[in-house]
Every structure is written in C-alpha cells, then in structure tokens.
Amino acid sequence: MSDNVPTIAAVATAPGRGGVGVIRISGKNLLPMAQALCGKTPKPRTATYADFTDTDGQAIDSGLLLFFAAPASFTGEDVIELQGHGGPVVMDMLLNRCLELGARLAEPGEFTKRAFLNDKLDLAQAEGVADLIDASSRSAARLALRSLKGDFSRRIHGLVEDLITLRMLVEATLDFPEEDIDFLEAADARGKLDGLRRAVDDVLANAQQGAILREGLNVVLVGAPNVGKSSLLNALAGDEVAIVTDIAGTTRDAVRERILIDGVPVHIVDTAGLRETDDVVERIGIERSRKAVSEADVALVLVDPREGLNEKTRAILDALPPELKRIEIHSKSDLHAHAAGGFGTGAETVIALSAKTGDGLDALKRTLLREAGWQGESEGLFLARTRHVNALKAAQEELSLAALCGNHQIELFAEHLRLAQVACGEITGEFTADDLLGVIFSRFCIGK
C-alpha cells in the first residue's frame with residue numbers, strides 16, 4: 001500500500017451498551033497517538049492499563065490499550081485497540097478523541113481490506129471474516145472459520161500452481177515450432193490436464209455445497225386464495241408469522257420468513273394471492289410477490305384436493321417461470337383424502353400435508369434439502385459464495401475447451417490454461433477488479 005494511507009478508527013464492538021467496548025485504530029507510526037491517548041509508551045503485544053485522556057488531559061475513561069506493531073498485526077500496519085467501558089457515550093467520546101488526533105472514520109470493511117492489500121489475507125479469507133460474523137447456523141460458522149483459516153484458499157492455490165506448471169510446460173514447446181514433434185503427447189500434457197479437470201470438479205462440488213449452506217434456498221408459496229399458504233408458512237416457521245383467516249386476500253403483502261433445515265437457510269415467501277385486484281395496497285403486495293417468484297429456486301404449489309386445478313390455480317401456474325422447480329402440496333390432508341397422482345402442476349414431487357397436525361412437514365423439509373442440492377456437511381467442506389462457484393465454473397469451461405484442442409493447436413491450448421488460471425485467481429484476489437473489491441468490502445460491518 002502507499003505510504004500516504006490515512007490512519008483509520010472505528011468502534012469494533014456492536015452498537016448499544018455492554019461491559020466492554022473496543023475502539024480499533026490502524027495506520028502508520030501510531031506510537032505518538034498511543035502516547036497522546038494514555039500518556040504512556042506501550043510495549044508491542046502487551047496490555048497497558050491507563051486512563052484515556054482528552055486534549056486537556058482530563059480522563060475520558062480507563063481501560064486497556066493494546067499496541068500491535070507493523071507488520072505483526074491484523075492489517076499489517078500499526079494497530080491500537082482501546083478496551084474501555086461499553087457505553088455508547090464513552091465510545092463516542094473515545095472515537096472523537098482519535099479523530100482529533102488525526103484519524104478518520106473507517107469505512108465498512110476497511111480494516112479487513114487493508115489486511116488483504118497488505119497480503120495478510122487473500123480475498124477468500126477476507127470474505128470468510130464477514131461470513132463468520134454473519135453465520136446463521138453452527139454449520140455455517142464452522143465452515144466460515146475453515147475459509148478464514150485458509151482451507152478454501154489452499155485448494156485454489158493448489159489449482160493455480162498446477163495450472164502454472166502445465167502452462168510452463170506447454171508454452172515452452174512454442175519455442176520449437178519447426179520441430180515435427182507432438183509436444184502435448186510427449187509431455188503427457190493431456191494426462192496432466194485430465195488430472196487438473198478432476199481437481200477443479202472436486203473443488204467446484206465442495207464450493208457448491210458451501211454456497212448452499214451460506215446462501216440457502218429461496219422458496220415461494222403459491223396457490224389460490226385460502227388454500228393454506230399462510231398456515232403452511234406458520235407451520236414451517238414454528239410461529240404465527242402470517243395472519244390466517246377464512247377471508248380471501250388476507251395476505252395483502254409478501255410475508256418473508258427464514259428457517260433452518262439441518263443448518264441450511266431456507267428463505268420462504270408467502271405470496272399475496274397472484275390475482276387481479278382493484279385494491280391499491282393489495283396490488284403493491286402482489287407485485288412484490290411476482291418479484292419474489294422471479295427470484296425463487298423452488299415453488300410450493302398448494303392445491304386443495306377437493307377442487308383440484310381450478311381456474312385461479314391455473315392462472316397462477318401460468319404466471320410462474322416455466323423453468324422454476326415445483327413441489328405440489330395437497331393441503332389440509334387431515335380433512336380429506338390425498339390425490340396420489342397429482343393434478344398436472346408440472347411438479348415432480350407431490351406431498352400430502354396438514355399444517356394443522358404437522359403430517360407431511362418432515363417429508364417436505366427433506367424434499368427442500370434435496371432440491372437445494374444439499375448433501376450434508378462433510379470433511380473438507382468450506383463456506384463459499386456464488387461468485388466462487390461462477391469462477392470455478394469458468395475455469396472448468398476453459399479446461400474443457402483446452403481438452404478439445406488438436407495436437408498442433410498449442411497456442412490455443414495455452415490460452416485456455418491462462419484463462420482458467422485467471423478465473424481461479426479471481427477467487428483469492430490475484431486477478432480482481434477494484435470495483436469488485438469495493439462491493440465485497442462495503443458489505444462488511446464498520447470496525448472490521
């Protein structure tokens with residue numbers, strides 16, 4: 001990083017009152033600031049108890065000052081942490097004192113961004129920091145920690161090293177174009193390529209599982225008014241999150257709820273009945289429901305077996321994207337018989353279910369996990385993001401194209417290897433546009 005990088009400061013603990021509050025500061029040559037804050041010269045990696053003082057030498061608070069000298073710190077710069085009492089007024093006074101001493105307020109994720117720019121973390125590890133903070137289940141927290149500790153990155157670095165080795169081997173043959181030798185065959189380049197493709201496939205499979213655990217499954221409940229959508233949402237959530245009445249149109253807005261099934265987040269939207277209405281408020285809710293449908297991975301199509309596919313249900317089905325996966329739910333199974341063959345909704349799975357008694361809920365949850373593609377937590381799994389999956393798919397495609405190259409298309413073969421390396425490098429940040437970095441780190445919390 002540049003020598004002109006400003007000193008940054010932020011409250012690193014959550015807003016509100018607590019026993020301890022932490023101010024984090026990062027920059028170059030911070031010993032003078034430490035001395036101004038507490039009147040002492042702290043030793044690196046040692047907790048110093050002191051009063052934290054204002055410009056007049058009056059105590060603002062008392063607590064611990066920790067000093068981490070560059071480069072042996074989280075950001076790779078000098079870092080100070082002030083551990084004081086966790087009241088918002090005290091934290092605000094301490095932060096303002098740091099700003100008076102020349103620091104500026106840190107942007108979201110700026111401490112982690114500096115760690116990345118100073119080679120303390122790669123981009124996948126930096127994202128692991130945010131994912132650990134945002135983890136919604138124990139499984140997600142365990143896998144995020146693996147990413148933070150570099151498990152995912154080591155897999156990617158291994159792929160990149162193998163790609164570089166194969167590229168060097170292939171590109172060296174370009175120095176001898178006049179030789180009538182099949183260098184790809186002689187160097188077993190194709191055998192090495194096959195091994196690389198298998199390795200990428202393996203990492204991609206793990207990344208897809210990690211992305212499922214991080215991002216989950218988007219599910220919409222659709223069906224005619226009063227077919228039991230809100231009752232099913234309440235049953236899945238285990239709480240009364242949606243109003244249930246016998247009046248059609250009770251759900252006037254899309255009701256959203258997140259549940260966990262075996263640690264996998266499932267985002268469920270109870271749609272306002274997809275129908276035409278003159279009610280302005282209900283019409284807004286219906287538009288939101290249509291947006292939720294467009295973003296869904298799976299639609300739970302609720303059907304009353306007594307009525308089958310009535311005109312209203314057919315109109316709703318016609319409004320669904322044809323590629324959207326569907327699970328047909330025969331609601332209120334405690335009141336009437338289940339139609340085993342289904343009603344032609346386009347669903348591969350039909351489940352009879354009673355939101356009142358809970359019969360069929362476990363079968364539905366198992367089906368949702370199957371539709372999500374979740375295979376269960378396994379050794380070596382790590383948390384991943386959609387961008388990681390897309391990058392690995394791009395590398396997979398480039399290696400597939402390389403495999404199609406003829407024996408004398410060495411330059412094209414080498415170019416596909418290079419593009420596969422670039423795709424893998426995007427995951428760890430070796431090849432990453434500045435605007436992407438801005439988006440990634442802007443989603444962190446301030447102080448991290």
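Quick reminder: no glycine exception, Cβ is built from N, Cα and C everywhere.
Features as listed in Swiss-Prot:
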type    : residues                       : note
BINDING : Arg24, Glu81, Lys120, Lys448   : (6S)-5-formyl-5,6,7,8-tetrahydrofolate binding site
BINDING : 226-231, 245-251, 270-273      : GTP binding site
BINDING : Asn226, Thr245, Ile247, Thr250 : K(+) binding site
BINDING : Ser230, Thr251                 : Mg(2+) binding site
DOMAIN  : 216-373                        : domain 'TrmE-type G'
Separation of alpha carbons, Glu81 ((6S)-5-formyl-5,6,7,8-tetrahydrofolate binding site) and Asn226 (GTP binding site) (Å) | 57
To the nearest whole angstrom, what is the C-alpha distance linking Arg24 ((6S)-5-formyl-5,6,7,8-tetrahydrofolate binding site) and Ser230 (Mg(2+) binding site)?
-> 46
Span of the (6S)-5-formyl-5,6,7,8-tetrahydrofolate site, taken as the largest CA to CA distance across Arg24, Glu81, Lys120, Lys448 (Å, rounded to a whole number) = 18
Can you tell which of Arg24, Lys120, Lys229, Lys448 has the most other C-beta atoms within 10 Å, given these are the binding-site residues?
-> Lys229
The domain 'TrmE-type G' (216-373) [mean pLDDT, rounded to integer] = 77
Which chain-mates of Glu81 ((6S)-5-formyl-5,6,7,8-tetrahydrofolate binding site) that are at least 6 residues away have a CB under 8 A from its CB, listed by sequence?
-> Ala12, Val22, Ile23, Arg24, Ile25, Leu65, Leu66, Phe68
What is the interatomic distance between the Cα atoms of Lys229 (GTP binding site) and Lys120 ((6S)-5-formyl-5,6,7,8-tetrahydrofolate binding site), given in whole Å?
-> 49
Simplified DSSP label at Arg24 ((6S)-5-formyl-5,6,7,8-tetrahydrofolate binding site) comes out strand
Hey, how far is Ser230 (Mg(2+) binding site) from Lys120 ((6S)-5-formyl-5,6,7,8-tetrahydrofolate binding site), Cα to Cα, in Å?
-> 49
Could you say whether, by DSSP, Glu81 ((6S)-5-formyl-5,6,7,8-tetrahydrofolate binding site) belongs to a helix, a strand or a coil region?
-> strand
